[in-house]
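What TrEMBL records for HIS104 is active site, proton donor. Residues or ranges marked as N(1)-(5-phospho-beta-D-ribosyl)glycinamide binding site in TrEMBL: GLY11, SER12, ASN13. Marked as (6R)-10-formyltetrahydrofolate binding site by TrEMBL: ARG60, MET85, ARG86, ILE87, LEU88, ASN102. Residues annotated as domain 'Formyl transferase N-terminal' in TrEMBL: 1-177. Taken from TrEMBL, the feature site 'Raises pKa of active site His' covers ASP140.
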Amino acid sequence: MRIAVLVSGHGSNLQALLDAKLSGEIVGVLSNRSNAYALERAKQANIDTAVISHQDFPTRESFDARMHQQLLTWHVDLVVLAGFMRILTPDFVKKWEGRMLNIHPSLLPAYKGMHTHQRVLNTGDRLHGCTVHFVTAELDAGQAIAQAILSVSSHDTIETLAQRVHQLEHFIYPQVVQYFCSKQLIWNNHQVYLNNQPLLKPIRFLD
Ligand code: GRF
């Protein structure tokens, strides 16, 4: 299984994937930002990198087409979004349907989009966490595969939640990627299967 990881920033999830014992191989790290620290991590792990800046392309379509080309060059089987901060076009998503994963810092379907920790605190939720899901054209709406859940304490701030959720992310993302690499996790015709059983709700991990 040849894996590409798409990043825009710090890359702590990339690091967790690099450190995990995956049966697949991370063959390339693609960033839309040349200053993403994730690129350093990839270089230190001797992994091929590509910087494709969205600012160099007139449209989302042309940017996505260039990314697609890069993924084909790497002969990628699985695309892993790890803090990749661009909205993808439906055409690109379609090409990687069932072969592209994302991790999102909330218990989806709650809090799609940005500023999830702030929104959780504003609402006064007692539970928070992260979700790994297949990517579909609608933002943060693809089928959830796994969720890790934490209890929000009265002392939590945006910073502590960010840190606690990150820790959970580093725990569940490599596991789900490994399920995919070992073909325990399969997408077939809009249905997700885990160990040959239709996955009707996400696997849950409690902090
Ligand atoms: C994570 O919180 C992830 O859920 C979100 O972007 C953040 C990326 O963090 N999609 P990092 O770059 O992996 O440290």
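Positions of Cβ are set from backbone N, Cα and C atoms, glycine also.
Any TrEMBL annotation is an automated prediction that lacks curation.
Screening the binding-site residues ARG60, ARG86, ILE87, LEU88 for a C-beta under 6 A from any atom of ligand 1 leaves none. In sequence order, ASN102, HIS104, LEU108, PRO109, LYS112, GLY113, HIS133 make up the list of same-chain residues 6 or more apart from ASP140 (site 'Raises pKa of active site His') whose Cβ falls under 8 Å from its Cβ. Counted over every protein chain shown, other Cβ atoms within 10 Å are most numerous around MET85 among the binding-site residues MET85, ILE87. Here the Cα atom of MET85 ((6R)-10-formyltetrahydrofolate binding site) is found 12 Å from that of GLY11 (N(1)-(5-phospho-beta-D-ribosyl)glycinamide binding site). Sequence-distant contacts of ARG60 ((6R)-10-formyltetrahydrofolate binding site), defined as residues of its own chain at least six apart whose C-beta falls under 8 angstroms from its C-beta, comprise HIS54, ARG86, ILE87, LEU88, THR89.
By a simple count of nearby Cβ atoms, those within 10 Å, the most crowded of the recorded positions ARG86, HIS104 is HIS104. With ARG60, MET85, ARG86, ILE87, LEU88, ASN102 listed as the residues that bind (6R)-10-formyltetrahydrofolate, the site has a largest C-alpha separation of 19 Å. Using the Cβ center of GLY11, SER12, ASN13 for N(1)-(5-phospho-beta-D-ribosyl)glycinamide, the list of other same-chain residues with Cβ within 8 Å runs, in sequence order, VAL7, GLY9, HIS10, LEU14, GLN15, ALA16, ALA38, ARG41, ALA82, GLY83, HIS166, HIS170. LEU88 ((6R)-10-formyltetrahydrofolate binding site): 24 other CB atoms within 10 A of its CB, across all protein chains.
In the structure shown, across all protein chains, ASN13 is the one of the binding-site residues SER12, ASN13 with the greatest number of other Cβ atoms within 10 Å.
Here the domain 'Formyl transferase N-terminal' (1-177) returns a mean pLDDT of 97 for the predicted model. Around ASN102 ((6R)-10-formyltetrahydrofolate binding site), a 10 Å sphere centred on its CB holds 23 further CB atoms from the protein chains shown. Long-range C-beta contacts of GLY11 (N(1)-(5-phospho-beta-D-ribosyl)glycinamide binding site), restricted to its own chain and to partners at least six residues apart, with a cutoff below 8 Å, comprise VAL29, ALA36, TYR37, ALA38, LEU39, GLU40, ARG41, ALA42, ALA82, GLY83.
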